[in-house]
């Protein structure tokens, strides 16, 4: 038999089948760096509309984890897709550099007794070292950005501008000093922001404590009695015995009914609804003697159980009946509600008792408990209450309690003198900060939409923002306070600018080493220079002030507003929150137009990632084994709005999907062998009908993909691209064109038509995948024929796809019908192969018994129907002529019969045809193949 291989147009490409991503991706990174890709994008972006995604800074401590990878990949997909959509989309990565975790790390390594300036020096060095490690990992993920010039909150200019941002807020009168309970961590020795608090289960003692009545006559009158004939106690329930020494009041709800209960040796005042449960807890019998509304008990005095002072009854709406006694003991220094209630009743700051020091130890002067750590003092307080006859019950409970997110230790509320940004404080002009922020939320688009209600609820209910910390490694609050009055220097804003100019040159050390006389002259003796530092959420929360209008100037002409902030859903109470407050305080609007949140990573069973569970996925390991593009494809394929599942099995599925996309792309490239777009590209009207349909299908898909990218539905992009490769291309079009591509003349219209379609599809596909499969798209780009830009990222969405007119005979609807018929034929061919009735599809002859309308439609393909069905023969017949052994199909009005061909197999095209052997010189070939190698070539019109 003659070998006709040389007469075929066999696919050929140097594009490798095996991706080898871990080895090949670093070469692409070097290529991007060598050509200065990011800089070139900025150079061509001048005339483009701008899209700014402002990077929420990760903390400069530790290696990146899978959550970091998700976040950075999502951002990169957006930046790349916006670039391809014709935007100038700069991406300036940033880092959060100040704060306790770094200071704690330095103290752990070098000891706690370092001089403050040395601590700051070592913190700066440590943060810089951590940034370099994280930066290398982010770059390895394929994230395109200004890596040579990222923003860092510890850069001198950033530190200076943070002071300027604070000055703006001082100028507008948002900042004040106050004594308030704040979240306090003994291990940090500092106040914590709301976002630094997490909740965990804690075992706590619960006690019911009786406070003896001091105003017995008033209590009797409140209950409508002439007098009391035995001692009386009002009973509180608490889970914090350590706060009893600081008790200064008792709170009742004005509308709750309270009962005077005769409990034998004494009267007890309890909420009427809780009498039964309380008596059961006390193991006592009792009888309700009288009832009264809470408002009747207002200002009645009771005695502290073991100190010689009174505790008056105050009315408070927050008192509830879900647990306890219906009476809340009030220690204004250690509870926010308690604090505000006592202030409402006229208690001054000087009157508030605060016996717990910053390290959690009672002051030495506190009777009975001085010098004791509060958690260890709990049993001693209980014992004292029992000793004085005020302990009615003592139990333990497990409950959710606030903990430090760094040390995982319990927190307390503690009233300290701190600097605050007032939420409801009236500024010099305009609405309060809370009003501004709530209004700004209505002007912001949230993805997903539920984020709006979440952030609104947090802003609506949050307290004033405590912005001061008592630490070394942080941006200073450069205030001078008058020693006598405690007031800020009248030139504070002006002085802050002078400090900012110094910090710009020397960093935060400029403030800490500053002698007040350098700025205040002779006034210095009258002022104290404070050494508090700013909350790190103020650092990151003012990056819009520095980055968008300052160091990188990537904001819009309208001001420092980013189009998008994108972070994990925890940032509703973190970076989204603090940025909103600073933006509204300084500029009276949010610093972002859209907020996009993603969920947290979990394993395939929905469990949190944990080293103890052994279910963590390390991004560096995935990159080294599978490649960054597999990680990127996994991120894109997941609906990030909820929890994001990841495991080795899930990543392997992503690798399998990647392989299908890569193989499809390789097929396109290999069949463009010898194609010159400059000379061989056919206009749409000269292309075969099937090829026009394929290009049209790509056009429709591109519109859907562009929309999905615009709406950040990357999982839709993934599914559409994958399905296109598997179904429309792999399952239909590419199979059909193989015969034409391989067997017709190399320069024939039939072949150039399908190559034109393949070229257009490849040009579009490489762009579709570029935001997600960044490395692979760049590799594909180099193998595409024709002149092109150095990088796919220097292109925009492909505009060479043509639409199939609705009025052509073989329109979209027509090919949808043909696809359904082909699927039905394929199913029957599979059945016949399984039954060993036929071998390959080309060994089959199929007869389609169709109702008249369908038969007329299929007849439009003429003798090319067999090429669409990939059978050696395809015959149409009326449905009424179907024999008994014809099988039904899923297509209405269609029955099928498949038989094994009795004809010889062509040695070139492998079709079984009756004319094989009729040519003396080529006895192994069919007439069609002889025409293609010796004649003018077969003519195709449709497929």
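Backbone N, Cα and C define each Cβ position, glycine as well.
What Swiss-Prot lists as motif ''HIGH' region' is 58-68. Taken from Swiss-Prot, the feature L-isoleucyl-5'-AMP binding site covers 567, and the record attributes it to sequence analysis. Per Swiss-Prot, the feature motif ''KMSKS' region' maps to 608-612. The ATP binding site feature in Swiss-Prot is assigned to 611; the stated evidence is sequence analysis. Feature annotation from Swiss-Prot assigns Zn(2+) binding site to 906, 909, 926, 929; the stated evidence is sequence analysis.
Structure with Swiss-Prot features highlighted.
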residue	record	DSSP class
567	L-isoleucyl-5'-AMP binding site	strand
611	ATP binding site	coil
906	Zn(2+) binding site	coil
926	Zn(2+) binding site	coil
- Task: Would you mind listing the long-range same-chain contacts of the motif ''HIGH' region' (58-68), meaning Cβ under 8 Å and 6+ residues beyond its ends?
- Result: 95-97, 99, 101-102, 105, 127-128, 130-131, 133-134, 137-138, 152, 568, 600-601, 609, 616-620, 646
- Query: Going by C-alpha distance, which of the binding-site residues 611, 906, 926, 929 is nearest to residue 567 (L-isoleucyl-5'-AMP binding site)?
  - Reply: 611
- Its Cβ having more other Cβ atoms within 10 Å than any other among the binding-site residues 906, 909, 926, the winner is 926
- Note on the structure: For the binding-site residues 567, 611, 929, the largest set of other C-beta atoms within 10 Å encircles the C-beta of 929
- Could you give the number of helix, strand and coil residues in the motif ''HIGH' region' (58-68) as assigned by DSSP? 3 helix, 1 strand, 7 coil
- Message: Suppose the Zn(2+) site is 906, 909, 926, 929. Which further residues of the same chain have a Cβ inside 8 angstroms of that site's Cβ centroid?
- Response: 743, 907, 908, 910, 911, 913, 916, 925, 927, 928, 930
- CA pair residue 926 (Zn(2+) binding site) / residue 611 (ATP binding site), Å rounded to integer, equals 66
- Item | Residue pair residue 906 (Zn(2+) binding site), residue 611 (ATP binding site) - Cα distance, angstrom, rounded | 62
- Item | C-alpha spacing of residue 611 (ATP binding site) relative to residue 929 (Zn(2+) binding site), in angstrom | 64
- Pop the Cα-Cα gap between the residue listed as 'ATP binding site' and residue 909 (Zn(2+) binding site) into the table, whole Å please. 58
